[in-house]
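Chemist: Below is one structure. I have some questions about it.
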Amino acid sequence: MESTIGIDAGGTLTKIAYLNEKKKLTFEKFYSNEQDKIIDWLKKQTSIKQICITGGKAKQLQQLLSDSYKIVELNEFEATLVGVRYILKEEKYDINNFVLTNIGTGTSIHYIYNDRYIRAGGTGVGGGTIMGLSKLLTNIDHFEDVIPLTKVGSRKDLDITVGDIYGGILSPIDNSLTASNFGKAATIESNYNNSDILATVQGLVGEVVTALSLQFAETKNIGHIIYIGSTLCNNIHLQNIISSYTKYQNKTPIFLRDGGNSGAIGALLYATNKKS
């Protein structure tokens, strides 16, 4: 039986969504610079005839696949929205208007009004920042190695909080808020362990991304912010940072179970619906 798959070729990761033999939605993930592994996997799936591809590296991958498959290309923002809408329905959310923050290699932020999306903005701070700083500061360069260390790390010896500055005096804002990411490293000599450094890197990224998302949400008086992206996958530390900061500003954070695969899901659904 001929089949269709969706591919989201991102800056760092390439995600694949397809229906297995039991018609269950299934995912695969590869590093985007490992194109040989992607092609080898595709060759083993002999039933695949059509691929809907999206993402920043879609053109590069498409050039390698166009002779073997029927290729449909889809704008990555459209694919992501289709995927997010599908996941929201599957997870029983009834939300039409929200801010969508996609934390990939960098971070893009959109306003979503029903099935219409408007780009609000973005930042170069994202998953690529986490991995770049992790490599520079600890020489750890695999996301899978960063996550477990981050879980046991602490930011208290590296970040300066509002409470640190006010020193017990009543402050105008919450003492636990970060006044300066990595600020203590400039004034306190210490051999910081990798866990604390990695936790602080994620704190920096999480707070920058959340602050920007909150500003956009507040501008349009939107109450829900949906955070997606592979950077959040199994990353409880980063999710907790984002969640607590979002709630502090009286907005509702939502993390979708398969949010990191939303682009690939959207590509699959688009091609499947178009085919039918």
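Just so it is clear, glycine is given a Cβ too, placed from its N, Cα and C backbone atoms.
Values in this document were obtained by computation on a predicted structure and should not be read as measured data.
So Swiss-Prot lists the following for this protein:
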ACT_SITE  GLU76  active site, proton acceptor
BINDING   8-15, THR105, 127-131, PHE143, SER230  ATP binding site
Chemist: Looking only at GLY10, GLY128, which of these binding-site residues has the biggest number of Cβ atoms within 10 Å around its Cβ?
Modeler: GLY10
Chemist: According to DSSP, collapsed to three classes, what secondary structure does ASP8 (ATP binding site) have?
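Modeler: DSSP assigns ASP8 (ATP binding site) to strand.
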Chemist: Would you count the other CB atoms within 10 A of the CB of ASP8 (ATP binding site), including those on all shown protein chains?
Modeler: 34
Chemist: Taking the Cβ of each of the binding-site residues and counting other Cβ atoms inside 10 Å, which one has the highest number: THR12, THR14, THR105?
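Modeler: That would be THR14, with the highest Cβ count within 10 Å.
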Chemist: Which of the binding-site residues listed here (ASP8, THR105, GLY128, ILE130, PHE143) have a Cα atom within 10 Å of the Cα of GLU76 (active site, proton acceptor)?
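Modeler: The binding-site residues passing the 10 Å Cα test are ASP8.
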